[in-house]
Amino acid sequence: MSETTDLILHATARQLAAWVRSGEHTSVEVTEAFLDRIDEVDSTVNAFISTNREAALAAARRVDERVAAGEELGPLAGVPIAVKDLLCWNESPTTAGSRILEGWVPPYDATIVQRLLDAGLVIIGKTNLDEFAMGSTGENSAYGATRNPWDSSRIPGGSGSGSAAALAAFEAPLTIGTDTGGSIRQPAALTGTVGVKPTYGGTSRFGVIAMASSLDQPGPCARNVGDAALLHEVICGHDPADSTSLDAPVPAVVEAAELADVAGMRIGIVRELSGEGFSADVRQRFEESVELLKAAGAEVVEVSCPNFGYALGAYYLIMPAEVSSNLSRYDAMRYGLRVGDDGSNGVEQVMRASRAAGFGDEVKRRIILGTYALSSGYYDAYYGSAQKVRTLVQRDFEAAFAECDVLVSPVTTTTAYPLGEKVDDPVAMYAGDLATIPSNLAGIPAGSVPCGLGASDGLPVGFHIMAPAMADDRVYRVGAALEKALEARWGMPLLAMIHDSDAAQEARA
Amino acid sequence: MALTKDDVARLAALARIDLTDTELEHLAPQIDLILESVASVTEAAGDDVPATSHPIPLSNVFRADEARPSFPAEAMLAGAPAVEDDKFRVPRILDEE
């Protein structure tokens, strides 16, 4: 690898955009560097389901022409980006990680994809994910498991496995994820990258293949807080094509990330999300981070959210219920896989055979669970009770935010575990999302920022920041302050240590 | 009450998914375990707690009732599993008898 290529691959998105604007490097040069990197490493990482070199280079050339013409460009113009393969893009197949949609090319672009293109970002490909975004490990994709770039025998987290792993493997400087119960934040934590779930309704879900509509929210994934903020401002904002889209101004997240100052802020530690259930490695890095924020001038208080203990259960009733409803559209009639249509079978038999052949185990498990939760006789007990818990969780957040500006916790219960470890134990796998789920039930913004490496295993740990609805800027302000304090201590970003064992050793101490 | 293999077969039929015997045997205890682990939810809230279906209050969204161009038929048919005479071709809906 040449020195220039190495410089490009490791640069921030902000820096890449500045180079493209100044003409120091062209967008074509930058885009080619990342496409070549994907060719070089993705057979191991498997972060991508598809790439589109032709469309990417055409988009990059258009940006370079605009630079040459002296046009004013947006803050991320010319920067490559990869998009979770759950978002429709008319230039490439959109599979949702499922066999049932293999090769399907959407007739339209998702609003987010359209906004990326309008802002001059260069889409290089579609990232791997757990099928229909169902899973916490990246192992449920019909296109093979994604591997963690820190240790390829381990999971990168899910469902946005590819979006996080692509960043950590330097295959893309920016990616888009979606978060239903933690699918942006959990893989960010396990790969040492940054991921933010905006306020529900802050980003459009139009053209995002639905899993659980009242919980799903797309958001930015990046290698540092500032880049995530720049991407946040590109993709957020009202969309008339999505009836749940918020018609309100986008919070000034770039300004907040640049401020990177917590002096005078009140930070609440959620008692129920900081002790039992979290590994010693995770707790240690979390506690150190809280101390750093305190040293930077924040006031730290402990708050209690007594109903969070029910959140996981409520989520695993509401989510599958919405899944069973949303996935009924895969009926083999208008698009997707069709099996058994040999003239001897009627429509129902074809549907049953097609869905059996097209869906993987985790998807079938959740559809059956959702069908049960919504069935007559159990609806009130399960689905109805879960919706009441949602009210209780929202009330807990309201009470907690009356006492502080943001809430913090670890993101995951452990660091990345070996592939295959929890495949046959769904309850254990689901429990890993303990800390991320409450914010999806309440629709509030939340993000994960890297806060160090586990002392015993040298794997990344994430720090979780939650803010009131429409106060996404606070997530960035605290995240950037912590990032600044930690990088000053380490002398480099966490991700720079990925293949430098001496630096990693020091960071673990 | 434990969920039996027959119960799961019935749910699979409602969800229009053929499951093999092995899948039914595998799924029944797993779903049972999941339901057991979420059972506490049923005791969390009393009758005085209203249910929330959505994280933000929803209001109906209207747009002007104006004709707008739609996708061309060929774009919509391009992803179809079977097409005949510019229409989606589907398996027979009614039984022969």
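A Cβ is built for glycine as well, from the same backbone N, Cα and C atoms used for every other residue.
Nobody curates TrEMBL annotations by hand; they come from automatic prediction.
Non-local contacts of A:Lys84 (active site, charge relay system) by the CB criterion (under 8 A, 6+ apart in sequence, same chain) comprise A:Lys126, A:Thr127, A:Leu129, A:Ala133, A:Gly160, A:Gly162, A:Ser163, A:Thr175, A:Ile176, A:Gly177, A:Thr178, A:Pro218. Among the features that TrEMBL reports, active site, charge relay system is placed at A:Lys84 (among others).
Under DSSP, A:Ser159 (active site, charge relay system) is assigned to coil, being neither helix nor strand in the three-state scheme. The number of other Cβ atoms within 10 Å of the Cβ belonging to A:Ser159 (active site, charge relay system), over all protein chains shown, comes to 36. Among the features that TrEMBL reports, active site, charge relay system is placed at A:Ser159 (among others).
There are 37 other CB atoms within 10 A of the CB of A:Ser183 (active site, acyl-ester intermediate), with all protein chains counted. Per TrEMBL, the feature active site, acyl-ester intermediate maps to A:Ser183.
Per TrEMBL, domain 'Amidase' is recorded for A:29-475.
Secondary structure at A:Ser183 (active site, acyl-ester intermediate), taken from DSSP and collapsed to helix, strand or coil, is coil. According to its DSSP assignment, A:Lys84 (active site, charge relay system) is in a strand. Between the CA atoms of A:Ser183 (active site, acyl-ester intermediate) and A:Ser159 (active site, charge relay system) there is a gap of 5 Å.
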